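Look at TrEMBL and you will find 50-450 tagged as domain 'Amino acid transporter transmembrane'. What TrEMBL records for 54-76, 82-106, 118-151, 179-194, 206-225, 245-266, 278-303, 323-348, 372-389, 395-418, 430-449 is transmembrane segment.
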Amino acid sequence: MAQVSINSDLGEWGLSTDSGERARLLQSPSVDIAPKSEGEAPPGGLGRGTTSTLGAIFIVVNACLGAGLLNFPAAFSTAGGVAAGITLQMAMLVFIISGLVILAYCSQASNERTYQEVVWAVCGKLTGVLCEVAIATYTFGTCIAFLIIIGDQQDKIIAVMAKEPEGAGGSPWYTDRKFTISLTAFLFILPLSIPREIGFQKYASFLSVVGTWYVTAIIIIKYIWPDKEMTPADILNRPASWIAVFNAMPTICFGFQCHVSSVPVFNSMQQPEVKTWGGVVTAAMVIALAVYMGTGICGFLTFGAAVDPDVLLSYPSEDMAVAVARAFIILSVLTSYPILHFCGRAVVEGLWLRYQGMPVEEDVGRERRRRVLQTLVWFLLTLLLALFIPDIGKVISVIGGLAACFIFVFPGLCLIQAKLSEMEEVKPASWWAMVSYGVLLVTLGAFIFGQTTANAIFVDLLA
């Protein structure tokens, strides 16, 4: 989840809580027909940033943690229990960390400062365009997931305020889920999504971090001191099949996906060295692992196999501590949707301008009309899909497959291409080892993406 606060001005990097600035990380920085040549310096020069090692760790952790943690208890249930869930996360963490290091290595070698620029420079035009399309699709799907989360949490809160049993028939029209999601979206999300710049959204990252830690703390506390009415269903001790284990991978990928934001973070450091970066991402992933594992284990053991894909939905509506957690999640999602939309819109804009061969500097009026139209189309499509896709688990599965591409496929392709260009300079054993590892990353990512896509298509058709 891209919940990171980064200023695009390298001279102002640090522990800023202005999450609106981080939206520039994903946007297409150029609409040139091809990326900059290897020796061409990016705008602003190649001066080092000012982010300390500790600051970089904080930013990467912030980039990981988000609403995706709500799905980790269900991922443990899908994987087949605590032991299988822990083993799967630990195994995937090795590949997740290595992908972050590979991106830093390729960024340093190509002098590029964003994820898609690195892919463009190292892998070429076709892969670069595919990367940008994947980013736009990923942000679009995440926006749908955010709207579903808003509806899920509002249902619980409204049930308490209306003092009516959840799902009771004859409820007033103004408590209908489709109405409440639409009202919230039109009142808050759409106005925040239209502006050209969204730097005014202060403290969004701070709210996301506080909300994430609060939700994790509540889930752990509720497991240690459970309410009397909460009794767990069957606690699985082993996976039903090896396929079940792989079905949990998309959720883990969605939770740990911070790779798109990682390249600018690396270049913002005071010492942008691959070795130092390896320590940064290792520390950050261990912290994120602790949060996700605490949420996943305690949430799963509290409800067992009956845990909801959104763990907060499994708790009683009347629980005030959980109600505060729901409010935190809603606030976090309300500020995160415009940021993710801005990222996707900027990538789509870059693709469109490149396709048309138009320069960035053009008539302001045309840009405003195009921006408003793109925003309205994006907003209405995500809203309609969210209204008719009530199960967030399906959305997480699909965008988790795309997250696997950012974690495995594109870093693996970059590693293979980088090593192919160094074929004559590297020792044969080392060269073959790196290329083989790149092939492994691509294969693993393609498998996860293919599996989630097939499940999304064929499971619904069979149902």
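Any Cβ shown, glycine's included, is placed from N, Cα and C.
Nobody curates TrEMBL annotations by hand; they come from automatic prediction.
In summary, the transmembrane segment (245-266) does not lie against the transmembrane segment (372-389): fewer than three C-beta pairs, each 6 or more positions apart in sequence, are under 8 Å. The transmembrane segment (323-348) makes no contact with the transmembrane segment (430-449), as judged by fewer than three Cβ pairs under 8 Å among residues 6 or more apart in sequence.
Using a cut-off of 8 Å between Cβ atoms, the transmembrane segment (430-449) and the transmembrane segment (82-106) share at least three residue pairs, counting only pairs 6 or more apart in sequence.
By the Cβ criterion (under 8 Å, sequence separation of 6 or more), the transmembrane segment (118-151) is in contact with the transmembrane segment (395-418), since 3+ such pairs are found. Counting Cβ pairs under 8 Å that are 6 or more residues apart, the transmembrane segment (54-76) and the transmembrane segment (179-194) reach fewer than 3 and are not in contact. Contacts between the transmembrane segment (179-194) and the transmembrane segment (372-389): present, as 3 or more C-beta pairs lie under 8 angstroms, all at sequence separation of six or more. Between the transmembrane segment (206-225) and the transmembrane segment (278-303), the number of CB pairs under 8 angstroms, six or more residues apart, is three or more, so the stretches are in contact.
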